[in-house]
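Following: one structure in structure tokens, then a few remarks.
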Amino acid sequence: MAANGSPKPEPMAAKKASPDLLNSSFSFKSLKLKTKQQELLLRVSILGLVYVLAFIARLFSVLRYESMIHEFDPYFNYRTTLFLTEKGFYEFWNWFDSESWYPLGRIIGGTLYPGLMVTAALIYWTLRFLRFFVHIREVCVLTAPFFASNTTLVAYFFGKEIWDTGAGLVAAALIAICPGYISRSVAGSYDNEAVAIFALLLTFYLFVKAVKTGSLSWALGSAFGYFYMVSAWGGYVFIINLVPLYVLVLLITGRYSMRLYVAYNCMYILGMLLAMQIRFVGFQHVQSGEHMAAMGVFLLMQVFYFLDWVKHQLNDTKLFQTFLRITVTSAILVGGIALGVGTASGYISPWTGRFYSLLDPTYAKDHIPIIASVSEHQPTAWSSFMFDYHILLFLFPAGLYFCFKRLSDATIFIVMYGLTSLYFAGVMVRLILVATPAVCLISAIAVSATVKNLTSLLRTKQKVPQTGSAKGVGSSKSSSKVTLDQSQPFHKNGAIALLVGVFYLLSRYAIHCTWVTSEAYSSPSIVLAARGAHGNRIIFDDYREAYYWLRQNTPTDAKVMSWWDYGYQITAMGNRTVIVDNNTWNNTHIATVGRAMSSYEDEAYDIMRSLDVNYVLVVFGGVTGYSSDDINKFLWMVRIGGGVYPVIKEPDYLVNGEFRVDKGASPKMLNCLMYKLCYYRFGELVTEYGKPTGYDRARGVEIGNKDIKLEHLEEAYTTSNWIVRIYRVKPPTNRL
Amino acid sequence: MVKSTSKDAQDLFRSLHSAYSATPTNLKIIDMYVVFAVFTALIQVAYMALVGSFPFNSFLSGVLSCVGTAVLAVCLRIQVNKENKEFKCKTIVTNLGGIVAMFVIAV
């Protein structure tokens, strides 16, 4: 870390310390290490520790519960990875799945991002080759922490590129435990973001390196990094828009150079060609509005290069001005016409709803209720920012200040990345993850620069008694050393106090991150835990209980209808065909299910017969007080169903705009299928001491309709805590 | 107005022509390659306009690989050109063989 300070103080300090160390068995002096080697050893050991830390911090749920896959989406990824390892890549790439979205089926090979599955499968096959016969589930569970550790390494190199090695080390340490990243990469969270953030940071690092050096090899590397990112996550659209925006900013600020030309062109063309290999992406790079910025900047770069070359050839400003005028006007005209024709004729598709709602946050609520209903897509509250970033929140502006002080191609990039990603993080909670590397890097710059200034202040005081060296000291305060003599003690104490403050803040950050990881982000969601009356831990394993009952007690071709949240889990664990699942690609199909759930039993029976449904699964939290059950999600079913079938009207289920399930609820609510299925036989149950029977603990009211009779369905299974309830659809009665 | 712009254009053309003849031969060869690649791409676009764009992937791969080699050849030209000072100390491979090797790999 004294790389640009004079090397004189280091050996002095080492010599002073060596008499103590000589007595211990392990001494640096006995190894005859020079300063550079000491520094290298320090750096490598710090990086090694950070690598291990990033892995270990994510293992809370494996230690508390067991090594299992969490949440909903990872179950689909697990199922596809299982398929890949069993059947091979060709079958996987061309897989048509008839077990979901009955009767439509789903082209899985063409509608997923294969990066995660292929990565896990490669790790699995490598381990098997080395004769470690682990189960694929273990590999899947631990893929995310492994790639989080790799991300810290990339963050170190990136920090080194932007600022110096000190900032790199701090960035690696910050990102290892930052809750914003941990939330989506704990062990068991086997989701696309686990490898995508690694790929994102890798692509950015390689591209910045390419711009800095202008060599084709780094640009090639960044193209392959981009390919990995495209294969891993739909968020690659962020890269394909941020990089052109960055190039545009460089062009505008007059930083055009040959290196930029080489880097961007190589990355764009090769990256685009590679990205089109993924079936899910297809031809979007030349047809979709979201990717047009990259193409526009590509053409702009050609124009710039051409103008630059002509200027170079001419060596005559007057002629060049004429030429410039002609070319620029014609280029703008041609570009504008092409864009206009493309958009008007519909060849270039406009921005899709998912990404359009990032630019206009109110769009989804009015037009696409399915996007609006996902809790991760809601705008972010301040508390989430504080929760996920802690001290990084105020270190970020400090880092921005340092970046602006030392502007270069690399720092401009990280500033743009930080600002754009923070904007999007403010629009959608889920995108805090994308902003995390930028925030960590910029905060690392702030920390590193501050600590360096403070320690060099301290070190300056050591040097003053010796002959004042004319070599530049890190703080570059050598010219004012004489005037500092009088205020020496104050500055030294101030520096020490500030250093102590910095270390205190960083230690509080570490404590906060560990607490957040342990309390908030390590729950598997499929297994619930609560504290019993005597403080003992009670585990609710109802979901898996229900899915295994399905697996073992229903015919293999049974079709299960449930709300789309549980689709992936039912197919992965219950191994049965579902009607709708989390992919939510067909809004009408989901609306049909929503309509069935919110209709009276007779109409619902007709819909279920038309879909060949054999079993219905609902999630009910009234006995345990579990609040993410289907009754609380019911209004979304109504809204989505009502979006397609106008016969379902939301006000029918509300009373004075309020959603109630007790005696005052609307009659349609009290008799709809969802209500009946959730509260069947619940009216006889005493859930809480001192409350009447049928007291719903999740809503805190006594239910309105206790005497429920089912005509077309019969109860098949209810789990031990009544969380999951399965009903069999009876075949139509015989006509007599 | 028209006469002066046409005179400007002629001057422009003449000085460009004279300046270009001064470039060394190896760079001119690369430039010929670039023109050839762009020309091939234009032929493919014209073909697509006449016959239709099925199958789209072949069209895209044809056009983009032409554009790609053109762009990579320009990058090669940049790195080889002795007049570009900033590349002397910044490239990872500094000798000519290394640069050509990178170009071949990229293609």
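Cβ coordinates come from backbone N, Cα and C, glycine included.
Noted in TrEMBL for the protein shown:
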| type | residues | note |
| --- | --- | --- |
| DOMAIN | A:46-442 | domain 'Oligosaccharyl transferase STT3 N-terminal' |
| DOMAIN | A:559-617 | domain 'STT3/PglB/AglB core' |
| TRANSMEM | A:40-60 | transmembrane segment |
| TRANSMEM | A:107-127 | transmembrane segment |
| TRANSMEM | A:139-159 | transmembrane segment |
| TRANSMEM | A:165-182 | transmembrane segment |
| TRANSMEM | A:194-211 | transmembrane segment |
| TRANSMEM | A:223-249 | transmembrane segment |
| TRANSMEM | A:261-280 | transmembrane segment |
| TRANSMEM | A:292-310 | transmembrane segment |
| TRANSMEM | A:322-348 | transmembrane segment |
| TRANSMEM | A:385-403 | transmembrane segment |
| TRANSMEM | A:410-426 | transmembrane segment |
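Long-range contacts of the transmembrane segment (A:194-211) within the same chain: residues 115-116, 119, 143-144, 147-148, 150-151, 154-155, 157-158, 161-162, 181, 184-185, 218-219, 221-222, 225-226, 228-229, 232-233, 235, 238-239, 243, 259-260, 262-264, 266-267, 409-410, 413, 417, 433-434, 436-437, each at least 6 residues beyond the stretch ends and with a Cβ under 8 Å from a Cβ of the stretch.
Between the transmembrane segment (A:139-159) and the stretches A:40-60, A:107-127, A:322-348, A:410-426, the greatest number of Cβ pairs separated by less than 8 Å involves A:40-60.
Long-range contacts of the transmembrane segment (A:165-182) within the same chain: residues 1, 3, 43, 46-47, 50-51, 53-54, 57-58, 148-149, 151-153, 155-159, 197, 387-390, 392, 432-433, 435-437, 439-441, 443-445, 447-449, 451-452, 509-510, 512-514, 516-517, 520-521, each at least 6 residues beyond the stretch ends and with a Cβ under 8 Å from a Cβ of the stretch. Sequence-distant contacts of the transmembrane segment (A:385-403), counting only residues of its own chain at least 6 positions beyond either end whose CB sits under 8 Å from a CB of the stretch, comprise 163, 174, 178-180, 183, 411, 414-415, 418, 422, 425, 432, 436, 439-447, 449-450, 505-506, 508-509, 512-513, 516, 520.
Using a Cβ-Cβ cut-off under 8 Å and counting only residues 6 or more beyond its ends in the same chain, the transmembrane segment (A:40-60) has close neighbours at 33, 144-146, 148-149, 151-153, 156, 165, 169, 172-173, 175-177, 182, 185-187, 513-514, 517-518, 522.
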